[in-house]
Amino acid sequence: MPERGLLIVFSGPSGVGKGTVRAKIFENKNNFDYSVSMTTRPQRPGEVDGKDYYFRTREEFEEMIRKGEMLEYAEYVGNYYGTPLTYVNKTLDEGKDVFLEIEVQGALQVKEKVPDGVFIFLTPPDLEELRGRLVGRGTDSAEVINNRMKKAKEEIRLMSEYDYAVVNDKVELAAERVIKIIEAEHYRVDRVMERYAHMIDKLDENI
Ligand SMILES: Nc1ncnc2c1ncn2[C@@H]1O[C@H](COP(=O)(O)OP(=O)(O)OP(=O)(O)O)[C@@H](O)[C@H]1O
Ligand SMILES: Nc1nc2c(ncn2[C@@H]2O[C@H](COP(=O)(O)O)[C@@H](O)[C@H]2O)c(=O)[nH]1
């Protein structure tokens, strides 16, 4: 059996740049896989089903919840978003790290279920910049942007629930910081001792 991979939970307010930073991180061919989320939100122009999200109806999503097939899910600004469980478990069992990009309520659910996950919060340098990014992205109406900003303030208040906070001032720098955190997490003493239990177990032997 390969050693189980790490579950990396990357979260932060809408518009902070999670998707942009994630794309930069994945350019470097790291040993982790991205878990594609499921949502009931309408598909945006250019988004591909199965790549950006699995786009589903509310009925289909609620059926997955009923069957216990979601690791976590949340209702966010009127739509469901969630992480299908099967892919995550299968990939972790293969020994690969899994990267989730999710909002804060979902991240807190994962923390309850997988306390040894790595919880990274991406924060904007300030709130005006965050609004500027949401407006500049051009994907949401003024009303949706106001709702997302309201949510963002609640989410930033919950930053203290995370293990790490990374400021997204510059995409390249933020991506480098996240990669370093993940690398260091692999060398945390509890993880290394678990990996090398075959050696630790022999310490009392006369070798
Ligand atoms: N460091 C940065 N400096 C300036 N602009 C940025 C930076 N990072 C991301 N952006 C821009 O901010 C906008 C929002 O980024 P992105 O869509 O990646 O955010 P997100 O956190 O994934 O949002 P959501 O959670 O809603 O999917 C995009 O237009 C992106 O180009
Ligand atoms: N709890 C979850 N949140 C998720 C998931 N996938 C994405 N998200 C977050 O939802 C908001 C809105 O996303 P958008 O694509 O409509 O802008 C954002 O914060 C995403 O990170 C998920 O599986 N679970």
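For all residues, glycine too, the Cβ spot is worked out from N, Cα and C.
All annotation found in TrEMBL is predicted automatically rather than curated by experts.
This prediction places the mean pLDDT of the domain 'Guanylate kinase-like' (5-183) at 96. What TrEMBL lists as domain 'Guanylate kinase-like' is 5-183.
Counting every protein chain shown, the number of other Cβ atoms lying within 10 Å of the Cβ of G12 (ATP binding site) is 28. Residues annotated as ATP binding site in TrEMBL: G12, P13, S14, G15, V16, G17, K18, G19.
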**Study point:** binding-site residues near ligand 2 among G12, G15, V16, G17, G19 (Cβ under 6 Å)
**Key:** none
Study note, to complete from the structure: Neighbouring CB atoms within 10 angstroms of the CB of G17 (ATP binding site), all protein chains considered, total 24
Revision key, fill the gap. The most crowded of the binding-site residues P13, G15, G19, judged by neighbouring Cβ atoms within 10 Å of its own Cβ, is P13
Practice item. Report the binding-site residues (P13, G15, K18) that meet this criterion: Cβ distance to the nearest atom of ligand 1 under 6 Å. Use sequence order and write none if nothing qualifies. Key: G15, K18
